[in-house]
Every structure is written in C-alpha cells, then in structure tokens.
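So the structure is just underneath, and the comments pick up after that.
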Amino acid sequence: MGAFLDKPKMEKHNAQGQGNGLRYGLSSMQGWRVEMEDAHTAVIGLPSGLETWSFFAVYDGHAGSQVAKYCCEHLLDHITNNQDFKGSAGAPSVENVKNGIRTGFLEIDEHMRVMSEKKHGADRSGSTAVGVLISPQHTYFINCGDSRGLLCRNRKVYFFTQDHKPSNPLEKERIQNAGGSVMIQRVNGSLAVSRALGDFDYKCVHGKGPTEQLVSPEPEVHDIERSEEDDQFIILACDGIWDVMGNEELCDFVRSRLEVTDDLEKVCNEVVDTCLYKGSRDNMSVILICFPNAPKVSPEAVKKEEELDKYLESRVEEIIKKQGEGVPDLVHVMRTLASENIPSLPPGGELASKRNVIEAVYNRLNPYKNDDTDSTSTDDMW
C-alpha cells in the first residue's frame, strides 16, 4: 500500500536518552514512500508509582498516519490506567501487567472507533504496534501486527516476536470464521497484516467480538525475566527494516556497531541507511534499547573499522583510475566492490553498510558530479 517517490527522503528524526539503567537511541526515515506514516514512543520513568519502569514502542501506520500518531501519544495511558493493569494495591503482578496491556489495546481501539464514527468521514487508517514495557524484574514484549521486536542476550537472539500475517494458520482461521478470505497473503486480498489498531473497515462483522474480527486489535504479550548478566539490547523496528534484514543479521550488525561507537543515535542511523541501501522501499523506524551489559567500544574493533574504511577509499580510487577517460558511475563502483572478497565488512550489514563511506570518496574524486543528482534514485542500488 502507498505510492513511491522518485528518490528517497533520507532526512532522519533522532532521539536518545537514558535512565533506569537503560540507554536508548532511535532513528526514523521516510525513505521511498510518499508519506511518513511511522510513529514511536520512548518513555523512561512512568508516572503513578512506576518511576522504575520504562516503555518503548514503534507504530507502523498504513492508509494514513492518524492511528499511529494517536497511539504513540495515548496507548501507554490506556495500558497503565485501566483496572486490569492496576490490580490490587502495590506493584502490579505479571498477570496484572499482561492483562492490562491487552485491555489497553482493546480500549484504545474502541475509543478510536467511536471517535471516528463521530466524524463525518470515518478514518480508514490503521497501525501495527510493537513495544516493550520494562520493569526492574521483567521485560514485557508487546506485538500487534508485523513490526518486530527482539532481545539479544549473551550475544545471540534470545527472543523475537512473531509477525501477525494472514497466512498464519491461526490468523487465517479467525479471518475465515469472520466471513473473510486470505488471497495473495492478504486479508480479503487487500490488507497485509491480520492484527492492527484501527482498520475499522475490517472490524464490522456483526455477532463477533473485537478479537474475532477480520483484523484483531489484540496484542501478543510475552514476559521475560530480566538477566542482569546476559541481557544486552532490545531492537524494535517496523517491517521496513525486517523486509531486508533477518533477526540474526540485525543483531550481529548492531552488536558490531556498538563495538565501534557508544552513540546510539548513530547506530540506529546506520541501521536505517543500511536497510535503504539493501533495497527497503518502506518507511523505516528503529529503537535500540541497551542494558548495562551491552557491548562496549573496543579499541581493536575501532582500529579494524578505520582500516576497512581506508581500504575501501583506496579501492574506490583504483576503480576510478582504472576507468581511464571519464568516471564510472557509482553503481559500477558498488558492483565491482560487491564482486570482491572484502575482509572485515560489518556482519549483517556487509557492503551496504559502507555505502556512505564509498559514496563520499566517489563524490570527492568525481569532477563531473552533478549535485542535483541522487545515486539512490536508481531502483538497482548496485
């Protein structure tokens, strides 16, 4: 869904912060899409006696950004203020939290539906949501749709959320029970996710409850006991990231970046740029949350990174000089490098993660460069 631009919008929105023993950074980019429909939430220290708790989420909107924007501002309140979450006096139990998260999703969805019906023109937008609620003892992963979150523990992917796709047997069964069908892996041949907030055109089957509709607003919630020694970082991202990078790939790439910089915004920017250069055509948003035992900057890794950048710079110069008259285009340079066995490329990111370094050298050495052109405008990145 959605139209594409002639060239991607690469300006990024960034934020970072720390508290409760956590550090986070985030980056979002419109990319090739005509509109930016992603939104995000990052809150360290919750109100009402939950100062040691934190909440992070990414919302991937479709058919508009209204639902994503509303959820990023109000979902947390719907979760923490309902009676299921509060439970009895004192800190909420694990079951209180899980029930409260579910209730919060159903409540905000119903609230948005009522607001939409009161308007003359009903809002047809929807949004996925993936998030984490982090208490001193537990991490609660929350997922509704096909955005994804993962936990890297002891240098490996320890947990990741499951995408809610119409082709999933349990999702397909619910869709068919509601009178719908799954065609070309979409709900009624149209919507690519089987759970989402909003999308009220898919939630009007009479005699069915809110979690029995063609599209369900019910999140999956998983609680994981925190491990101070082994927990390293959490990644939350929309499908514009996961379309081109697998779980292990992204975990490896982020870990390698944390060994060369402690700037979490920069790490997230590298993730977004790398995914663009790997061919992602969607909006892209990523939040990186680091625990105290996250990888630290390594002098050895920094030295290897510097050596790699110098090697790439020299190879670009050699490729341009070898051309003789004129200058080869950047696509030719990238394809030449891609055909070579280059040591020490960042795992998961590979050559795409070094595109900015290569392009900077190319532009410096290219006397014919037109500043109005954008090498990313080609469909075939290399």
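Cβ coordinates are placed from backbone N, Cα and C, and glycine is handled just like the others.
Over in Swiss-Prot, the protein carries these features:
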BINDING   Asp60, Gly61  Mn(2+) 1 binding site
BINDING   Asp60, Asp239, Asp282  Mn(2+) 2 binding site
DOMAIN    23-291  domain 'PPM-type phosphatase'
LIPID     Gly2  N-myristoyl glycine
MOD_RES   Ser375  phosphoserine
MOD_RES   Ser377  phosphoserine
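A simple way to gauge crowding: the CB of Asp239 (Mn(2+) 2 binding site) has 21 other CB atoms within 10 angstroms, across all the protein chains here. Those residues of the chain, other than Asp60, Asp239, Asp282, with a C-beta within 8 angstroms of the mean position of the Mn(2+) 2 site C-beta atoms are Asp38, Thr128, Asp146, Ser147, Cys238, Gly240, Ile241, Trp242, Asp243, Asn283, Met284. Put simply, Asp239 (Mn(2+) 2 binding site) is 8 Å from Asp60 (Mn(2+) 1 binding site) when counted between their Cα atoms. DSSP gives Asp282 (Mn(2+) 2 binding site) a coil state; it is part of no helix or strand.
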